[in-house]
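What TrEMBL says about this one:
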DOMAIN    53-390  domain 'UDP-N-acetylglucosamine 2-epimerase'
BINDING   492, 504, 532, 581, 584, 603  N-acyl-D-mannosamine binding site
ACT_SITE  532  active site
BINDING   584, 594, 596, 601  Zn(2+) binding site
């Protein structure tokens, strides 16, 4: 309101000549419930702030005047609007007939009000049955209608009502480009359509910086923290009341099991709303210590509550529209919003037979932070609408003209282009190098940066941030939108918290390190962290041989030996995040000492370090070099020299490689007998040297029931980077459960 008062002081004192120098546009705004008032209030403030152009009449009807729904007309009075008329139009009842009777009652009462007010134009919002009565009355009484939020697609009877109002309305204010295209396709005159954005976004986009903790405490209790509570708002679906009641029961059961503080708002006035309230009371929601059940929350306060919630759940349009402005996770239940445009923050649960599916959705979404979405507005809708109102020529014929030309070309982006440009920042922390890459949805490495991995924690973290910031800036130039940051690192990792618990000896000063917080704070992006072996398995699942395979194991053969296990399409982490430490499967009780402190591990036989150790022993005894090989004096002996010697016929080198391959094969046999995967993928620089040896050991040592397993060499060039990217891409683009 302050914004529009300041704006009005700067307005030029001119009146549209076509409407007469002294004529003010008389605007009637009719509001039926708390939801539509949140969209209409910003427009009403704008109209009120320009008295030289407009006269405002406010009509209140519908659930605003019902005590069971909070008597929400009071918030209109608190906003200092004079209510010209109050119409009691709701017929109490619990079925579809009550909605029809309510429309009929409104149609009986509205003509007298409109005759007295004689507005030039009536502003009607949305798709409620009350709004249909308003539009019908105004159209039949030759009053121009401005319809807000036409052209959108959702579910249930709301679609039919919304499109019916569109056909009655003379002017249209829509929120998205798709809605505009739908209106044109419905033969509406393009010159009478304004793409303005949602009026509520004018308030939303400036709301988050206000003091919010007092509001959270007032509605949810003194001990509640931000991002640690849920807002639930679910309405009956009038085309399938019985099913929507069942889903509401399952939702409450899931919320009770999830055990987080939850604010539950009462449903809209619709057929089935009383039954939903009875379900709440039957389950004791109003007296449950984790729940706060309320009839109404003022919109300004509701904004703050959803902006700082850990999750919003239900089927309200607010969840798929307004909440996206804050990046708050949303779980959209059922079919009520089917067809709505949504941001990345929305996870759909189309149907649920048990509470488990909803509970799993809560576990996936709760506490995440998504990029803020401006699909429905940029914060400048009201100035556009006021300018549009001033342009209306009252001398034009009232009769609508429908346009039947071909629909304008669709100017939306092609889905292939969208998928190509959605990308992740992937970070690979190796023992020697630190690599950062921009990776596309299709697994293409668009840009890669490599630096030596610093030896100290401070230098390493500083370099990670510097390289990520550089890559994020470059992403703009190569037309990539970064969805988040994925980090692959050696050692044991807690992926839930983004913490490296302790690392291998190859990476110094890398234990009890919180990677998520500093990187997320610096880049303002979500961050995922996991062990390099797990990342390799994720890379295979998304881009490699593991795509579509339910159960498989990936083994990395490089400097060390690691791996990851995919079971029933999901990565196995274990109770203490130590699953898939495959390099430390013991294959000999008296074998060579491993870096972990044990003896006889696979890594002590088959890793690059182990082969280098054996190569040095041969070299010290002058048994490594054979004809065709040469080494410079300062050259360091490596595993590559051992492999080269074996290829040139060095029998001792061949024996060492055969032993290493056998050790790896025995480890794979143990894995087959434990996990019974259908596929084993060997990854890393040594994989091609071991694959035949591993197959031979499986044929000799494995049970006949697992000998049919496929053993293949990975075809991915950078599994660590691709796996780090898949951490981001799998989570941020997963929309339907």
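From the backbone N, Cα and C atoms, a Cβ is placed for every residue, glycine too.
Features as recorded by TrEMBL, highlighted on the structure.
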| residue | record | Cβ contacts under 8 Å, 6 or more apart |
| --- | --- | --- |
| 492 | N-acyl-D-mannosamine binding site | 500, 501, 502, 503, 531, 576, 577, 578 |
| 504 | N-acyl-D-mannosamine binding site | 431, 490, 491, 560, 595 |
| 532 | N-acyl-D-mannosamine binding site | 428, 429, 430, 488, 489, 490, 556, 562, 720, 723 |
| 581 | N-acyl-D-mannosamine binding site | 533, 562 |
| 584 | N-acyl-D-mannosamine binding site | 594, 596, 598, 601, 602, 603 |
The sparsest Cβ environment within 10 Å, among the binding-site residues 594, 596, 601, is found at 596
The average per-residue pLDDT within the domain 'UDP-N-acetylglucosamine 2-epimerase' (53-390) comes out at 90
In Å, how long is the longest CA to CA span across 492, 504, 532, 581, 584, 603, which the record gives as the N-acyl-D-mannosamine binders?
16
I need the neighbours of the Zn(2+) site defined by 584, 594, 596, 601. Which other residues of that chain put their C-beta within 8 angstroms of the C-beta centroid, in sequence order?
583, 586, 595, 597, 598, 602, 603, 604
Given the recorded N-acyl-D-mannosamine site (492, 504, 532, 581, 584, 603), which additional residues of the same chain have their Cβ within 8 Å of the Cβ centre, ordered by sequence?
490, 491, 531, 533, 560, 561, 562, 583, 596
